[in-house]
Amino acid sequence: MVDEKATFIHNFEKSNLLRENSGDSNLSDVHSPTLVDRNLPVALGTEVPKERIAQESEQPTSTAAEPIQYNPTESIQANHTCVKRHVLATSSLSKTQRSTVKKACKALGSDLEHGLHQQDESTFDSSLVTHLITTSKSESLTTSQKYRRCKRTAKYMLAMAHGIFIVDFSWILASLAAAQWIDEEKYEVDGDIHTEVMGKPRESRLNRIQTGRSSDIFSLFRFVLLFRLEDYEYHVDSLRAVVFAFEGRMLPEDQLPALETSENATRTCVGIVPRGTPAESAREKYHQYHIPIVQIAWIVDCISHLEILPFGEYFPY
């Protein structure tokens, strides 16, 4: 099996080289100006249940900033000096926190994205939303510097794709205390709890400002779900929307034989299997389709890093 993997990796890298020579983007450079230190541990996220993406618990992650005193009954005059009207969406907030966000929008002059009212953790209208409000933990990693890290929800990953502000809930409290929307950068989230690579939300946002484009790290990929949807540890429908936001495609196994269009020819098919897939089952799929097969955690970890990661440690056999 080692020789088999080595042969595939060699052929896969060779195909990428051919794409480079024909004018296609180099996968490792697509919207990834910062190289990742490969010695940093990559959290596979396989312990995350599908509810992590589809519908998270109402229990919020503790906010990182110092608490700011705010009286929700105090009247605050709406501030009309904003250059651009904010449109807010939320993720991983408690009912009380969502209510505070709603009050802030009314008091300071902003809009609330409609999906928020249904407590929908899976999606939002990316053409409208300017800020994703979430909760984060302030943690030290390899240095004394502390970083804001939040849950890796579907909304968080969508915000990463579209380059919008991802800020801690404490920004809402600080803005209410100041009676106006204050600068967001001090409250910007640094990353998610499944990776030690920080600064990717800001990188995505600045890239959107500079290029006017969303991230397209999956533009050369078509992901094939090789098992039943209920076998995966992530909510597949939500993840499919996230993959699409990154210009990728995701389809069930029964559609694989029909991939004969010109668009499909430009995409590399990658088989996706759930956590705990027996090695023998994965090998059978490999011999059947002759495509790389990786655990589904590879997709979400690529998003956390905003780049295509090596397949190596994600092979299920």
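Glycine residues also receive a Cβ, built from the backbone N, Cα and C atoms like all the rest.
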Q: Among 47-69, 116-138, 185-207, indicate the range for which TrEMBL gives the feature region 'Disordered'.
A: 47-69
**Q.** Mean of pLDDT values spanning the domain 'BRCT' (213-316)
**A.** 92
